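Everything on this sheet refers to the single structure shown next.
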Amino acid sequence: MVQRDKSFRVLGIETSCDETAASVVALKAGGVPEILSNIVLSQIEEHAAFGGVVPEIAARAHVEALDGIIEAALADSGTDLSGIDAIAATAGPGLVGGLIVGLMTAKAMAMSAGKPLIAINHLEGHALTARLTDGLAFPYLLLLVSGGHTQIVLVRGVGDYQRWATTIDDALGEAFDKTAKMLGLPYPGGPNVEIAASRGDPSRFAFPRPMKGEQRPDFSFSGLKTAVRQAATEISPLSDKDVADICASFQLAVSDALGDRVSRALSRFRGEFPDIAAPALVVAGGVAANRQIKATLEALCGEYGFLFVAPPHILCTDNAAMIAWAGIERMRAGMTDPQAMDFVPRSRWPLDSISAPVVGSGRRGAKA
Ligand code: KG4
Ligand code: ZN
């Protein structure tokens, strides 16, 4: 149990996709959090030639890198394993090879050092980051937009989540990556699409705004991807100007569609929590780096009277500080699992176990 008058340190380990990460986060006396170290090793170069994450390569790279990353995280934090109070590791959802590497390492360390182990849902890490960075109070809305997820989640408390919307096909980051691939832009696609878009004419192609105006709250991006492919095929071979115009038109369509979906959720939140004067929308995931998307969300929040919270990029994308923090939140809430040593990694692990799977959502991305 966390003692309020004593600093409490958790080692976090993240290996669910293509980042090998370790971090030490402390909860200082008085309940103030501090990130003592945060090391993230991206495997982008190892996967770039394949245009996407290759699970086997990812798992091997985690095996090779993880020990060194953990050592570096401990050294950076100025402590060793004896100064750590608990070990938190991502146990799902994600690529099972990587999850096994991270969770097994955490189990071995916990067992040998006699420390408690906390198996963390990666999505919970994203969901609670805004409490680490901004001290946000419950409840708030989370928009998670990454390579594997596109979800709007009501965060009511630690372990208490309600998914309000999800994608019925591609994740938004996946749509960016696939668009980039179609246009011959390098992996990862998102940042390269954004760069190309900055030189393009967003009004040249009238791409669809999937789900816009629909009652159903969910997202869909595969129709947009098909429209991009058709446009690209029709005018092929593509000049640099064509690529820039397609990217700009795609980005505008995505921002528009996302804005429509998010505004529904903001209205719903207002309806369900009329007494919260200044509610917050938190954005997380790699796509949150996109300036146009961020600007769209920020404007919407202004319109609906929401506080817009975008944690720093390093804490929005995959990292282990969010896993360590989720561990601290769980310890603090007395929500640790005495059977954690027996926890089997889960490639699929919805944050909200109550919401039924969405019809039509065949999760295919790196993260299920
Ligand atoms: O959160 P993240 O680093 O890893 C996952 O959990 O998936 O997100 C990576 C995704 C990739 O699909 C990448 O193309 C996208 O985020 N991304 C972007 C941008 N930067 C990264 N998408 C749009 N615009 C960006 N600037
Ligand atoms: Zn993630």
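Just so you know, glycine gets a Cβ as well, placed from its N, Cα and C.
Nobody curates TrEMBL annotations by hand; they come from automatic prediction.
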Per TrEMBL: Fe cation is bound by H122, H126, and from D275, D318, D337, D342 the site also lists D318
For the substrate site that TrEMBL gives as L144, V145, S146, G147, G148, G190, E194, N290, the extra residue out of D134, D160, D177, D201 is D177
For ligand 2, the binding-site residues of L144, S146, G190, D318 whose CB is under 6 Å from one of its atoms are S146, D318
If you measure between the CA atoms of G148 (substrate binding site) and H126 (Fe cation binding site) and round to the nearest Å, you get 13
Given the Fe cation site H122, H126, D318, its other Cβ neighbours within 8 Å of the Cβ centroid, in chain order, are E14, S16, T90, L123, G125, S146, A284, G285, N319, M322, I323
For L144 (substrate binding site), the nonlocal same-chain Cβ neighbours (under 8 Å, six or more residues apart) come out as L123, H126, A127, T150, Q151, I152, V153, V283, A284, G285
Neighbours of D318 (Fe cation binding site) among binding-site residues S146, G190, N290 (C-alpha cutoff 10 angstroms), in sequence order, are S146
